[in-house]
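For reference, TrEMBL has these:
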type     : residues : note
DOMAIN   : 10-146   : domain 'MARVEL'
TRANSMEM : 20-38    : transmembrane segment
TRANSMEM : 50-74    : transmembrane segment
TRANSMEM : 86-109   : transmembrane segment
TRANSMEM : 121-141  : transmembrane segment
TRANSMEM : 153-175  : transmembrane segment
TRANSMEM : 195-218  : transmembrane segment
TRANSMEM : 230-253  : transmembrane segment
TRANSMEM : 273-293  : transmembrane segment
Amino acid sequence: MPVIVLEASDLTSPLSLVRMWALLSGCLTFSLVASLVPSELTSDTHQPSFRILCMFTWCLFFILTLLIHVVNIIQFHSLVPISWKNLTVTVAALATLMTLSATVTFPWAVMCHEGAWPRPITASFASCLTFLAYATEAYLIRNQTQDQKGYMASVPGLLKVLQLWGGCEMIVLVVEQVRGALVKVGLAAVGWQLWVSGAWYALCLLMSLGTVIVVLGDCAGRCPLPFDRLLAGFSLTGVLLYVVATILCFTRVLELQKRDQDLTDMKTGPTLVVMEAVMASITLLAYTVDLAFSIKLLRDRSHA
C-alpha cells in the first residue's frame, strides 16, 4: 500500500492557498443563499430559475475544486485518467466565468431590493470573493512554465472555455424565455426565431463540450480526422451559426422597441432578449477569434 507523504509546501503554495480561499468563500456563499427566507428574495417570476443557476454554479465548482485540491495534496495525479494540466486550468477558467455570472445575477435578479438584508448582501460579497479566487487561480496557472500547463491554458484553449460558458448561458436564457411565454400566453407565443436560436446554441454547446472532453481525455491522437482541421471546422460552424442567431436576437430586440416595451424591466421578457443578444455577440466574438487562430495554425503547418 503506497505511503502518502504530505509536505508543508503542498499546503502553502500560492495555488493551494487560492484554492482554499475559493473553497471557504464558495461554501459561505451557497450556505448563506440556502438559508434565505422568502422575504429576502425578490418576488420576480424569473427568480427561481436564476437562483437554481447560481446555486448550481457555486456547489458544482466547490465540489470540483475540493476534489482537485485533495488530489493535488495527496499527489495522485497519475491515477486520474485525464490530462491533469488541462483539467485544472479548465475548471479554474470556467469557474471564473460562471461565478462572475452568478455574482452579477444574484443581487440583480434573486435578492430582494426592498430594504438592506444582511444575509443576501453578505452572500453577494462572498460570491464576489469566490470569483476573485478563481480568477487568481486561473492567472497563476496561466503563468506557470510551459511544461506545467497544457493546451487549455493557451489562448485557443481559453477561447474554448469562453464558448462553453457562452453556450451554457444562452441555453438558460432561451429556456427561461420559453417558460415565460408558456406561462403567460402559451406555446403559440414562442416565435420561430427563438426555436432556431435555441437549436443553434445547443449544437454549438455540444461541439464545445465535445472538444473540451477530447482535450481533457488526451484523445486528440485517436481522432479519426486531423484534430486541428476538426477544430477549424467546429470554429467555422460556430461562427456561421452564431451570426444567424445574433441577427435573430437583434431582430427581436428591434421588434420589441417598435412595440414600445421597456427593455430594462427585469420583470418582463424583453430584458432576457437583450441579455441574449449581448451574450450571443460575446460568444460570436470568441468563435471568430478562435477561427482566426485555427486558420493560422493550419497555415503554419502547411508551410512547415
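A Cβ is built for glycine as well, from the same backbone N, Cα and C atoms used for every other residue.
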(request) Using DSSP, break the domain 'MARVEL' (10-146) down into helix, strand and coil residues and give each count. (result) 110 helix, 2 strand, 25 coil
(message) Counting only residues 6 or more past its boundaries, what in the same chain has a CB within less than 8 Å of a CB in the transmembrane segment (195-218)?
(response) 81-83, 86-87, 90, 150-152, 157, 160-161, 163-164, 167-168, 170-171, 174-175, 178, 227, 231, 234, 237-238, 241-242, 244-245, 248-249, 276, 280, 283, 287
(message) Same chain only, please: residues at least 6 beyond the ends of the transmembrane segment (273-293) with a C-beta under 8 Å from a C-beta of the stretch. Say none if there are none.
(response) 155-156, 159-160, 162-163, 166-167, 169-170, 173-174, 177, 197, 204, 232, 235-236, 238-239, 242-243, 245-246, 249-250, 252-253, 256, 263
(message) Return the average pLDDT for the domain 'MARVEL' (10-146) as a whole number.
(response) 85
(request) Could you tell me what the rest of the chain brings near the transmembrane segment (153-175), counting residues at least six beyond its ends with Cβ under 8 Å? (result) 49, 53, 85-86, 89-90, 93-94, 97-98, 101, 141-142, 144, 194, 197-198, 201-202, 204-205, 208-209, 211-212, 215, 231, 238, 245, 272, 275-276, 279-280, 282-283, 286-287, 289-290, 293-294, 297
(request) Count the CB pairs under 8 A between the transmembrane segment (20-38) and each of 50-74, 121-141, 230-253, then give me the winner. (result) 121-141
